Amino acid sequence: MEEVRVFPLTCAVQNYAWGKIGLDSEVAKLVVGGDPVAVIERDKPYAELWMGAHPKGDAQIKDNRIAQTTLGQWITHYPACLGSKVKDAFQGQLPFLFKVLSVNTALSIQAHPNKELAATLHAQFPEHYPDNNHKPEMAIALTRFQGLCGFRPVDEILGFLQAVPEFHALVGRDAAEELRSSVGDEVRTGRALKKCFTKMMSCEKKVFVDELNELVKRVTQEGAAGKDTSSSNGDLLLRLHSQYPGDIGCFSIYFLNYVVLEPGQAMFLGANEPHAYIYGDCIECMACSDNTVRAGLTRKYIDVNTLCEMLNYKPASASSKIFPCVPDPADPCVTLYDPPVPDFTVMKIQVPASVKDYTVASVDSASILLVIEGDAMATSAAAFSDVTLTRGSVLFVSANESVSLQVTSQSGMTLFRACSLL
């Protein structure tokens, strides 16, 4: 019998505490859409849907005629499904992990190491750094999505040092002065920024907790008196402090850009870029790694030295953090999110209501297809039988296989597809 090369998946759900609760969560809604008998608990967080073959959340194959039970096992048996280039470049492994995130409370401020640093950290501290891979990642907003990303322009940081005495106290007069006098000299600015950030991150706990309490008290009183607290970034400060009281990460809002993505907008996070997701739902794609160096807004292990050494201290505007997508010249329904790494590319496929027959083109890479909206009957020469697709359906498509969609919904379809375009 010819092996099947296109099949549906049941994907792993992660119930991390920061996730949106019950059916408020996009993850939970997609799970129910893809599997009507799935039980969603009303008071449980549904944080992440993992679509891939990562050992911590390997997808189950939804076709009992296939001997292997998980995608990871299947790829091990049939590595050719990856496509020859991908198979050779990534040692027979699926190089990406595709996710949906539903964020209710902020994730830790973190950065991911480059390959060199990942190898070193994994060798020295395997309990904190589980593999030797880099972890570039991209987030594409499904709903309005808020995050912190990269260092702000220096004039904004200097503005906060002036307007927020509690922040100035943690950075210290010397480092603040060094930053002020470095303006216009990129190399000196980078050094001074590193000094300021390291100084704040290395503060004794009692010192920063006292300053934070002072700051929260002042901003709360000013707000109650009807004053504008934007010069202290008051709203965001109070929000993060309510989620992580006494956490050094609350001060990072004066260093990092506050970025808001509208649905369809993306941000790409390369190695050593400090970031934190704050609220909203997104599609995320990343290299298959779990390496994270944390800096605050967390109760997990914080590795201040590694973090302060590794970060990219290049100030840039919030708007520069929005990653541009481009129309696919070969297909008007496809928008490409193609980051500067080989591990993954994401495509958004929007089939308009007027189109009832659409072919998901073959690519020279294994890919994972997620339906966000709409219904269709999917047929492929490489599938055992037709597959009914609805919101939340996930399909694995081997390299060089196309899938024909017979669209049954009135308003068209929206899908996202992850693959590796070498």
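Backbone N, Cα and C define each Cβ position, glycine as well.
The domain 'Phosphomannose isomerase type I catalytic' feature in TrEMBL is assigned to 6-154.
Feature annotation from TrEMBL assigns Zn(2+) binding site to Q110, H112, E137, H275. For Q110 (Zn(2+) binding site), the number of other Cβ atoms no farther than 10 Å from its own Cβ, over all displayed protein chains, is 24.
Residues or ranges marked as domain 'Phosphomannose isomerase type I helical insertion' in TrEMBL: 172-256.
What TrEMBL lists as active site is R294.
Marked as domain 'Phosphomannose isomerase type I C-terminal' by TrEMBL: 336-376. Mapped onto DSSP helix, strand and coil, the domain 'Phosphomannose isomerase type I C-terminal' (336-376) counts 0 helix, 21 strand, 20 coil.
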Item to check | Q110 (Zn(2+) binding site) versus R294 (active site) - Cα distance in angstrom | outcome: 4
Checklist entry - Given the recorded Zn(2+) site (Q110, H112, E137, H275), which additional residues of the same chain have their Cβ within 8 Å of the Cβ centre, ordered by sequence? => result A111, K135, L269, E273, T292
Next on the checklist: So if I measure Cβ to Cβ from H275 (Zn(2+) binding site) and keep only same-chain residues at least 6 apart in sequence, which ones fall under 8 Å?
Outcome noted: I109, Q110, A111, G147, L148, C149, G150, L256, M267, L269
